[in-house]
Amino acid sequence: MALSEDTIKAVEATAGLIAAQGIEFTRAFYERMLTKNEELKDVFNLAHQRTLRQPKALLDSLVAYALSIRRINELYELKGKDLPWTGHLAELQGFFSVAERVANKHTSVGIQPAQYQIVGAHLLATIEDRVTKDRAVLAAWGKAYEFLADLLIKREEEIYAETEGSEGGWRQTRTFRVEEKARVNEVICRFRLVPAKGGASVVQHKPGQYLAIFVRNPELFQHQQIRQYSIMSAPNSAYYEIAVHKDGAGTVSRYLHDHVDTGDLLEVAPPYGDFFLRYLEAGEQAAADTQASSEFQVLQGRAVNFAAEKTAPIVLISGGIGQTPLLSMLRFLAQKEGRETARPIFWIHAAHDSRVRAFKEEVDAIREAALPSLRVVTFLSEVRATDREGEDYDFAGRINLDRIPELARLEAGHANPHYFFVGPTGFMTAVEEQLRARSVPDDRIHFEMFGPFKASH
């Protein structure tokens, strides 16, 4: 359904008014919606409401959509008339990247089409309360929201159906048993999850994706809590492994550390997420290209395929618990390419100190068994008297890519490494700034921020 010129102009004209209100607008929206629809407190991360992370993310997304709505509409007008439309995708890649991340997050928490109607009603009511009471403008925003909701609902159904139809796949949640719980250090526990029904298989995740864990415990918290945790195991059909960092203020992380043990049951959604290492063999790539019909699928088809780029260097950069999705990627590369790999691979990790640094033994074991050329570099913000340079760490202080000369040599030699990085917000900002300063091309920068911030890139 294409939008009229009057609708587009009305939305564009009021986007600035919404942006000027800042997070006060989206905070008012969430307060209204969660007060009048208490059941949604079982879906939304209430901690992100308190810290204003979710209101900020919604504000940014809403304004970006309003400012891009004309070009988005043009794309769908062309598509509806069976005219060439893919040329519009390059300039709209940022919008569709955000939409893809939102769609994956929505499927992980089980969002249904009917819930879009609730959100839309409260969004329009908030616009009426805080921006304008003009009926024509409100009608325009109603049509614009319906347009966006329809786009997301269709994409989410594609994701639901693809996952459910895969071997070992399912929709919504499934009961898993904690087969093993192990303490990694004073702040991190790892969990191996297997289907509660013995012998059942699980859908293989893409290396870098996450699981959503659904937790109910009325004695400890009033509402259901849902959290996403990156999968750290290599793709397989038997189990998933996650690691949970115990956050002092984290409701679910503390619950998993203190109240969940081996043998306990958890409700788990399938693996989702748009941040992953894409690795399609020739036949798989051809099938994906043939099936690409939606704008999302076409954009995915343009993403780098590391099965085809056999010599492209890969640099995995992590801060703290951010290494878990990258560990899945590293294990996958060890399985797929191993000692025969033709590409340079770097594992760069930053930790506060050696006491909270995790998974050193796993990375060392992968290097010894399968990837002897793996270059491992460790930064410790604080070095203890017992730490040994070259063994426990390589550099003291915060991460600084300029201290790794091999990267500069690769870049100077036009090898154009691909950089994957994950970690806390400050860490992510620092790494991205360093890569931009090194003039690393956009298509070589791939990241995911924990929480509702940017889209994966």
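Every residue, even glycine, has its Cβ placed from backbone N, Cα and C.
Listed in Swiss-Prot for this protein:
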BINDING   TYR210, ARG227, GLN228, TYR229, SER230, MET449, PHE450, GLY451, PRO452  FAD binding site
BINDING   GLY320, ILE321, GLY322, GLN323, THR324, PRO325  NADP(+) binding site
REGION    168-456  region 'Reductase'
SITE      TYR30  site 'Involved in heme-bound ligand stabilization and O-O bond activation'
SITE      LYS105  site 'Influences the redox potential of the prosthetic heme and FAD groups'
SITE      GLU448  site 'Influences the redox potential of the prosthetic heme and FAD groups'
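Features recorded in Swiss-Prot, as mapped to the structure shown.
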residue: LYS105; record: site 'Influences the redox potential of the prosthetic heme and FAD groups'; DSSP (3 states): helix
residue: TYR210; record: FAD binding site; DSSP (3 states): strand
residue: GLN228; record: FAD binding site; DSSP (3 states): strand
residue: GLY320; record: NADP(+) binding site; DSSP (3 states): helix
residue: PRO325; record: NADP(+) binding site; DSSP (3 states): helix
residue: GLU448; record: site 'Influences the redox potential of the prosthetic heme and FAD groups'; DSSP (3 states): strand
Ask   = When you measure from the Cβ of TYR210 (FAD binding site), how many other Cβ atoms are you left with inside 10 Å?
value = 27
Note = Under a three-state DSSP reduction, the secondary structure at TYR30 (site 'Involved in heme-bound ligand stabilization and O-O bond activation') is helix
Remark   = Cβ neighbour count within 10 Å, max among the binding-site residues GLY320, GLY322, PRO325, goes to PRO325
Query = Within 10 angstroms of the C-beta of SER230 (FAD binding site), what count of other C-beta atoms is obtained when all protein chains are considered?
reply = 26
Ask   = Near the Cβ of ILE321 (NADP(+) binding site), how many other Cβ atoms are there if near means within 10 Å?
value = 27
Ask   = Which residues, in sequence order, are found in the same chain with Cβ within 8 Å of the centroid defined by the Cβ atoms of GLY320, ILE321, GLY322, GLN323, THR324, PRO325 at the NADP(+) site, excluding those residues themselves?
value = SER230, ALA243, SER318, GLY319, LEU326, LEU327, VAL422, GLY423
Task = Quick one: of the recorded positions TYR30, LYS105, TYR210, GLN228, which has its CA closest to the CA of THR324 (NADP(+) binding site)?
result = TYR210
Task = Round to the nearest Å and give the CA-to-CA distance linking PRO325 (NADP(+) binding site) with TYR30 (site 'Involved in heme-bound ligand stabilization and O-O bond activation').
result = 30
Inquiry  = Need one number: mean pLDDT over the region 'Reductase' (168-456).
reply    = 91
Euclidean distance between Cα atoms of LYS105 (site 'Influences the redox potential of the prosthetic heme and FAD groups') and GLN228 (FAD binding site), Å = 9
Request  = Could you state the whole-number distance in Å separating the C-alpha atoms of SER230 (FAD binding site) and LYS105 (site 'Influences the redox potential of the prosthetic heme and FAD groups')?
outcome  = 13
Ask   = With every protein chain in view, how many other Cβ atoms are within 10 Å of the Cβ of GLU448 (site 'Influences the redox potential of the prosthetic heme and FAD groups')?
value = 25
Remark   = Least crowded of the binding-site residues GLN228, GLN323, THR324, counting other Cβ atoms within 10 Å of each Cβ, is GLN228
